[in-house]
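For reference, the structure is listed below as structure tokens.
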Amino acid sequence: MAALRAGKTNNEADQPSSPVLRFGADKPLKLDAGTLLSPFQIAYQTYGTLNDARSNAILVCHALTGDQHVANTNPVTGKPGWWEVLIGPGRIIDTNRFFVICSNVIGGCLGSTGPASTNPATGKPYGLDLPVITIRDMVRAQQMLIDHFGIEKLFCVLGGSMGGMQVLEWASSYPERVFSALPIATGARHSSQNIAFHEVGRQAVMADPDWHGGKYFENGKRPEKGLAVARMAAHITYLSEAALHRKFGRNLQDREALTFGFDADFQIESYLRHQGMTFVDRFDANSYLYMTRSMDYFDLAADHGGRLADAFAGTKTRFCLVSFTSDWLFPTEESRSIVHALNAAGASVSFVEIETDRGHDAFLLDEPELFAAINGFIGSAARARGLSA
């Protein structure tokens, strides 16, 4: 936690606690912004063992505020990996059977090149000098990481939310390298409503007087208040009205009566403030700007002449899409439109809509129906791939 609070830079940005793959000037990353990023690095974690045929590799793609620590203790927060409930020895994604890879996306803040990383041209953090990063840029970098392992074809690519966008981009850009794909709680484009919520968050960050045009590391104080407010606003979209009512209702926080002031009278107010305060301990404000922008720019149909089915033309990848009934960030109709496009493209696709009131974040929680869907799809794909149980 102190690694992000203290000093002028984030140590994890340049020298992460996880393995890191560095690319020099001879291997630049081509960006959609029309520039080349060089040098750059990718921080990652792996679990399990790659088999001799290199056919058992699963790539896990993280969401907006996630990282590579999917199934191990996070070195910054000290908390368990964000999907340890799903991934590990003997779990649904069994690391005794599969080789699991998860990388921090380009633009992130836990070891892959991002705005908190040192710009070799200046010796200072990039800040806003880093070109805007897209979902496709993230996937291009991941593809270079997969090449490093000598893996020609991934057995499965899976992820939720922004991770699901990466899954779709993988299946579209590199269909020959993806045997199966599992996009969860996601969409093929970001809606105007979602862009609006992101813009509120970005403006909260940029309105913080400590932001200094993104050069806050040089001033020794980060825009924590703005980032906390951005997180509070975003966190509401990850939940559902039913879940909020069940957990908080209009219950008061550590008091028996209203204070007639502006302290956190209600439990929900206290909860959101806590979410904001803990978030700034583990995430970089500029990375938040970059990550939200990458999601806003994502529009798979627009990248293929306006017809989503053309993004998957001729694909032989097996797909399973999962949505949640109470997810109003990426509602079920978003997944259905992807399923319709895959059907039009002649792809092998299944679709699971899970009844739950836990909202968008259900994909990160202990959700038995989700686990059953993943288990069934992975098992079927493994048999088709010829992977032994």
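The backbone N, Cα and C atoms fix where each Cβ goes, and this holds for glycine too.
What Swiss-Prot records for 1-21 is region 'Disordered'.
What Swiss-Prot lists as compositional bias 'Polar residues' is 8-18.
Marked as domain 'AB hydrolase-1' by Swiss-Prot on the basis of sequence analysis: 56-366.
In this structure, Ser161 (active site, nucleophile) belongs to neither helix nor strand by DSSP; it is coil. Listed in sequence order, the residues of the same chain lying 6 or more apart from Ser161 (active site, nucleophile) and placing their CB within less than 8 Å of its CB are Ala63, Leu64, Ile184, Ala185, Thr186, Leu329, Phe330, His360, Phe363. Among the features that Swiss-Prot reports, active site, nucleophile is placed at Ser161, with the record citing sequence analysis.
Around Asp361 (substrate binding site), a 10 Å sphere centred on its CB holds 21 further CB atoms from the protein chains shown. The substrate binding site annotation in Swiss-Prot covers Arg231, Asp361 and rests on sequence analysis.
For Asp327 (active site), the Cβ neighbour count at a 10 Å cut-off comes to 28, with all displayed protein chains included. Swiss-Prot lists Asp327 (among others) with the feature active site.
Here Swiss-Prot flags His360 (among others) as active site. In the three-state DSSP scheme, His360 (active site) falls into the helix class.
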>> With Cβ-Cβ distance below 8 Å and at least 6 positions apart along the chain, what are the contacts of Arg231 (substrate binding site)? List them in sequence order.
In response: Thr65, Gly201, Gln275, Gly276, Phe279, Val280, Phe283
> To the nearest whole angstrom, what is the C-alpha distance linking Asp327 (active site) and Asp361 (substrate binding site)?
Replying inline: 8
>> Using DSSP and collapsing to three states, where does Arg231 (substrate binding site) fall: helix, strand or coil?
In response: helix
> Hey, what's the Cβ neighbour count for His360 (active site) at 10 Å?
Replying inline: 23
